[in-house]
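As recorded in TrEMBL:
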- A:1-15: compositional bias 'Low complexity' (COMPBIAS)
- A:1-26: region 'Disordered' (REGION)
- A:32-51: transmembrane segment (TRANSMEM)
- A:57-76: transmembrane segment (TRANSMEM)
- A:83-101: transmembrane segment (TRANSMEM)
- A:135-157: transmembrane segment (TRANSMEM)
- A:164-183: transmembrane segment (TRANSMEM)
- A:214-233: transmembrane segment (TRANSMEM)
- A:253-273: transmembrane segment (TRANSMEM)
- A:279-298: transmembrane segment (TRANSMEM)
- A:310-327: transmembrane segment (TRANSMEM)
- A:339-362: transmembrane segment (TRANSMEM)
- A:370-394: region 'Disordered' (REGION)
Amino acid sequence: MTTVTGPATAADEPAAPAPPPPARRAGGRARAALGFAAGAALLFGAAPLVLSDFRLALLAKYLCVAMVAVGIGIAWGRGGMLTLGQGVFFGLGGYAMAMHLKLADAGPGALPDFMQLYGQLDELPWWWRPFASPWFALPATVLLPMVVAFGLGSLVFRRRVRGAYFAILSQALAAAMVILLVGQQGTTGGTNGLTDIQGFFGYDLDDPVNQRTVYFLIAAALLGLLALARQLIHSRYGELLVAVRDGEERVRFLGYDPATVKVVAYVVAAGMAGLAGALFVPAVGIISPALIGIVPSIEFVIGVAVGGRATLLGPVLGAVAVAWARTALSERFPGTWTYLQGLLFVLVVAFLPGGLASLWALRRTRRATPDRPPWWRRVPPARGGRTRTEVPAA
Amino acid sequence: MSLFRGRRILAGTMAFVVAAALAACGSKTSDSTSGTGVSADVSGDTVKVGLLNSLSGTMAISEVTVRDSIMLAVEEINAAGGVLGKKIVPVGEDGASDWPTFAEKAEKLISEDRVAAVFGCWTSASRKAVKPVFEKNKALLFYPVQYEGLEQSPYIFYTGATTNQQIVPGLDYLKAQGKKSVYLVGSDYVFPRTANKIIKAYAKANGMTVLGEDYAPLGSTEFGTIVNKVKSAKADAVFNTLNGDSNVAFFKEYTSAGLNATSMPVVSVSIAEEEVKGIGTQYLKDQLTAWNYYQTTPGGANAKFVAAYKAKYGADKPTSDPMEAAYVAVYLWKEMVTKAGSFDVEKVRAAAGGITYEAPEGLVTVDGPTQHIAKTARIGKVGADGLITEVWNSGQPIKPDPYLKSYPWATGLS
């Protein structure tokens with residue numbers, strides 16, 4: 001299903017067990033396909049027509065964040081793993097792509113500009129060399145994060161580290177990666193990161209037409225990831241993942257290994273974040289430690305929480321809404337926008353614990369039971385709709 | 001049935017998506033005609049300029065003071081009749097101490113607001129992030145902070161010091177004082193690491209020894225280990241490129257370890273009047289700083305600037321080097337536009353070389369080829385009242401040399 005979204009996503013197929021869906025879901029499938037088509041019409045038809053080049057470039061950036069959010073939706077919303085360190089995988093993907101593009105800009109045999117300035121190197125460091133080849137760099141943007149996530153996930157989940165401990169561990173990883181990158185200024189660009197990326201596989205990124213193509217590429221990748229995520233959620237594996245979230249011990253006694261189930265979700269989320277990072281680079285033209293540290297990692301999660309973590313579309317809508325609100329508020333109120341943004345988060349958490357996606361469910365329940373008391377007099381039901389979610393202690 | 005329909009809709013959507021993506025392909029990197037300039041909107045009787053500083057996040061404490069002094073210059077120029085008869089309308093944006101946000105806001109100021117020039121950025125990382133945006137759109141940025149050099153963009157004017165106007169004079173001063181060894185302490189980012197590279201090259205060529213080099217993460221407040229290492233190294237002086245809050249922790253630790261300006265003086269390049277207030281004068285007494293401007297710098301232009309600033313923002317607000325450089329930037333832009341007789345970026349750039357301005361720091365001259373400005377270097381000493389008084393200056397403005405080409409010991413640095 002995702003093979004048509006271009007070479008960038010072709011490598012994104014994890015070994016997801018996807019048994020043929022039961023026939024009773026056929027109606028749901030058609031509805032999903034219709035929604036998918038509507039989303040494509042919006043992203044490919046309406047958005048480029050309505051938005052200026054500048055706004056479209058911003059939307060491309062938001063959609064990259066949304067791709068990370070799809071992954072967090074799977075790992076956290078369905079799997080109960082509060083991944084506070086997705087910036088690491090976003091960064092691995094982004095740096096892999098940026099390294100290739102910097103080398104391509106510099107031309108064969110030449111060093112990227114920042115290395116000549118800060119590195120005083122005579123030749124390319126060995127770990128940069130493979131990235132000169134697109135055949136290595138492109139798969140690496142997705143596979144590298146997945147490999148790291150697999151290694152880490154295997155260690156952590158086999159030892160039954162979970163909840164807040166896992167959240168803290170993943171966050172520490174983000175902090176460690178930033179320190180590593182900043183310390184190696186000569187070979188990583190330090191705090192500046194990799195900037196001033198001119199071309200994207202031979203196409204000039206300054207050209208608005210090419211920027212638009214990059215946007216289309218990102219929109220297509222997002223749709224592809226959504227399709228993949230839906231497939232995963234509705235598969236037997238998806239049911240197992242929710243079961244592990246809601247009762248890990250019970251699943252273990254049923255004969256499954258919860259660690260494996262969790263590792264798969266974590267690896268998929270990492271791959272999605274890596275792809276998002278890789279596409280972020282041509283869209284925005286920069287990757288730097290400031291984009292992958294603790295704060296941006298938490299911001300990824302905030303978007304998902306605002307949108308509704310346990311649903312398919314919630315994380316995407318939340319991520320785009322939060323990023324858009326950030327831009328809109330900061331343009332209108334440059335001095336006070338941070339307070340307004342904070343207020344928004346407080347309101348969502350206080351009154352819509354299931355996220356924006358729960359608005360839809362709320363409307364449906366109200367229609368079904370007209371004599372229900374209004375929300376301000378109601379005792380909140382179990383979080384996130386009908387499923388119980390594991391919220392690690394903060 | 002509906003399963004079938006679902007497949008067909010999906011397939012149709014995918015075909016559409018691929019077609020749309022393939023249809024849109026623009027120019028290749030090999031085409032030389034890339035880069036489309038967006039001309040500023042000067043049709044009315046006003047001209048917009050962009051103000052791009054961090055109003056939130058870790059850098060806000062410093063960058064807000066820069067924003068304030070840019071606003072002061074804009075108001076003064078408007079009160080005096082504007083630029084080419086047009087009143088300046090400032091458009092403020094928050095860079096939020098986040099480099100990609102700086103790039104986003106720069107793009108917005110240029111392509112949506114169509115400003116004639118942008119004033120702002122503080123950290124090198126934010127400047128590196130916006131540089132391609134200004135070069136792509138052929139728009140102007142005025143960057144008002146001392147920095148690590150090794151850069152020369154045709155669309156940026158650098159009104160702060162480059163290394164040969166701040167760090168090299170600082171080292172010259174230490175050498176003249178007979179200091180034979182230094183210890184380097186800095187925050188872990190581009191400016192300190194690059195500055196220390198230059199310092200090490202200078203030391204090697206001038207018979208000084210560098211006894212140690214330590215970096216703390218930006219915002220770190222743990223300096224016990226570093227100060228112990230500094231103390232046991234027994235260097236003649238410390239060269240400090242720490243930034244922000246870290247200075248508070250470092251100097252407290254330094255003082256409590258029994259070190260002071262007499263036993264081991266510290267030359268700081270990121271501590272100005274505003275920061276002295278935050279750190280506390282008791283920890284900084286008699287320590288040295290290297291800048292191009294102090295609130296106490298003599299001269300009528302400075303007296304006027306300080307008085308106007310305090311009248312607008314409060315008597316307890318000090319003025320500092322980056323604030324002054326930002327204030328000067330607005331006036332220099334006005335002079336360039338007036339000389340060019342146009343807001344057109346290329347004409348303004350062509351008119352820039354040789355423009356002089358009687359700034360609060362003394363006479364400054366725009367150097368055409370590098371787009372930096374010639375400035376007088378000043379070494380200062382922190383007094384008990386929190387102000388910094390000059391103990392040495394270079395006598396005349398130093399010609400900017402961002403790549404240190406005129407210094408034989410610096411070959412191979414860039």
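Using the three backbone atoms N, Cα and C, a Cβ is placed for every residue, glycine included.
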Hey, does the transmembrane segment (A:279-298) touch the transmembrane segment (A:310-327), meaning at least 3 C-beta pairs closer than 8 angstroms, sequence gap 6 or more?
no
Taking the transmembrane segment (A:279-298) as reference, which of A:32-51, A:57-76, A:135-157, A:253-273, A:339-362 has the most Cβ pairs under 8 angstroms?
A:57-76
Under 8 angstroms for C-beta pairs, at least 3 of them, ignoring pairs fewer than 6 apart in sequence. Is the transmembrane segment (A:164-183) in contact with the transmembrane segment (A:214-233) by that rule?
no
If you count every Cβ pair below 8 Å, which range out of A:57-76, A:83-101, A:214-233, A:339-362 shares the most with the transmembrane segment (A:32-51)?
A:214-233
Should the transmembrane segment (A:57-76) and the transmembrane segment (A:339-362) be scored as in contact, given a threshold of at least 3 Cβ pairs under 8 Å and pairs 6 or more apart?
no
Which residues, given as numbers and ranges, are at least 6 beyond the ends of the transmembrane segment (A:253-273) yet have a Cβ under 8 Å from it?
12, 14-16, 67-68, 70-72, 74-75, 78-79, 81, 83, 86, 89-90, 93, 142-143, 145-146, 148-150, 152-154, 157-158, 160, 225, 232, 237, 240-241, 244, 300
By a Cβ-Cβ criterion of under 8 Å, what residues six or more beyond either terminus of the transmembrane segment (A:83-101) are in contact with it?
68, 71-72, 75-76, 128, 131-134, 137-138, 140-142, 144-145, 148-149, 167-174, 177, 181, 188, 193-194, 197, 199-200, 266, 269-271, 273-282, 287, 289, 291-294, 296-298, 300-301
